[in-house]
Amino acid sequence: MSEQNCQPCSVADFERFARAKLPSSAAGYYRSGACGEHTLAFNQSAFQRIRIRPRVLRDVSTRDMAVTIQGREVKVPIGVAPTAMQKMAHPDGECANARAVGRAGSVFILSTLSTSSIEEVAAAAPDTIKWFQLYVYKDRELTKKLVARAEAAGFKALVLTVDASAWGMRYADARNKFILPPHLKLANFSGNLSSGVSEKTSGSALQKYIEDVFDLNITWDDVKWLKRITKLPVMVKGVLTAEDAKIAADIGVGGVIVSNHGGRQLDTSPASIEALPEISKAVGDRVEVYLDGGIRYGTDVFKALALGAKMVFVGRPAVWGLTYNGEEGVKKVLDILGNEFDTTLALAGCRSPADIRSDMVTHESTYSKL
Ligand SMILES: Cc1cc2nc3c(=O)[nH]c(=O)nc-3n(C[C@H](O)[C@H](O)[C@H](O)COP(=O)(O)O)c2cc1C
Ligand SMILES: CCCCCCC(=O)C(=O)O
């Protein structure tokens, strides 16, 4: 498919176009999952095993997709998850992505490993609700400075990634000897911390960078530490069990993001949507629960909300939109998902997310006896 002869109509169309357009090393980095990529596949296939039980003959002529997230109105419950190094997809990188999310009226999460800085994104998208995703560096003073910069730049929450106690082996990056092209930098840093992922090594340069500079040994005490050093709500991203969600809620986090890192860390961990029910049952009345991983259709958004998520986030779909044509491409991807979600609401008999009930979804096995 080329931009000239075919109009992308679905997230899958954007993915096909983007993967054909990108250099193979960048395409491999964005697309891949860990090891056998089983969890990467589960994230989407698990949604297909859930059926929607629609209600009919209800007045759904006026509909509203808005939800309240951390006390703020969000027009559509589909935000953008943090993905590293977005300038490989488009020269406007994270700034374009954040602007598009603002136009859609949702939440943008900026990665620590961004190729546009905290301050650049804040200036480019002042009206977008922005959260900052944090990786903890061995250098705690540097980590504290990142937190202070996000606060000063008007970011509304910190998202601590907790599924990164080791590098999840991605074979594509190892084969490609992945590096960040040297004209790009990790924009939140200077010196080696900024250019380190561009240095050639025997495998993935990102893996080497992370093993050199990240603190891979963080524990719940570090979540408490982070809460002490910031006034912002702290979300934990990468929770897959009720047990851990309860610890997070007891500590007083602002939110839990049910996520397996897009299938990039622990292969054969469950699909995010499979893990969601036990977590929303355990803590959904105490903290806001969100989900990312495998959202490719508006029906997926509906299913996640039915199973207890307050909103969802997409990672790769936004990268594919960005690759297609920057801010407009991301906006188009978010519009496709938003329109599909709106249609799903109507066809399932709901006027708003508040009308979605858990008995409107069921596992396919409900019907397998027929
Ligand atoms: C290319 C890429 C880079 C990512 N970088 C980060 C990151 O810097 N920090 C983080 O917490 N998660 C990162 N993630 C995980 C995403 O935030 C998110 O959990 C995942 O992409 C959701 O799955 P999806 O791509 O199927 O929507 C990354 C994912 C991808 C695909
Ligand atoms: C220990 C895992 C860190 C990965 C850093 C970038 C990222 O989140 C991703 O590529 O995925």
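Quick reminder: no glycine exception, Cβ is built from N, Cα and C everywhere.
Summary of the site annotation: TrEMBL records glyoxylate binding at Y29, Y135, H261, R264. Screening the candidates R99, R170, R175 against this entry identifies R170 as the one listed for that site. Among the binding-site residues P82, A84, Y135, R316, the residues whose Cβ sits under 6 Å from any atom of ligand 1 are P82, A84, R316. Checking the binding-site residues Q133, Y135, R296 against ligand 2, not one has its Cβ under 6 Å from it.
Long-range C-beta contacts of Y29 (glyoxylate binding site), restricted to its own chain and to partners at least six residues apart, with a cutoff below 8 Å, comprise M85, M88, R170, A172, D173, N176, F178, L206. DSSP classifies K237 (FMN binding site) as strand under the three-state reduction. Sequence-distant neighbours of K237 (FMN binding site) (same chain, 6+ apart, CB under 8 A from its CB) are P82, Q133, V159, L160, T161, V162, D163, I257, S259, D292.
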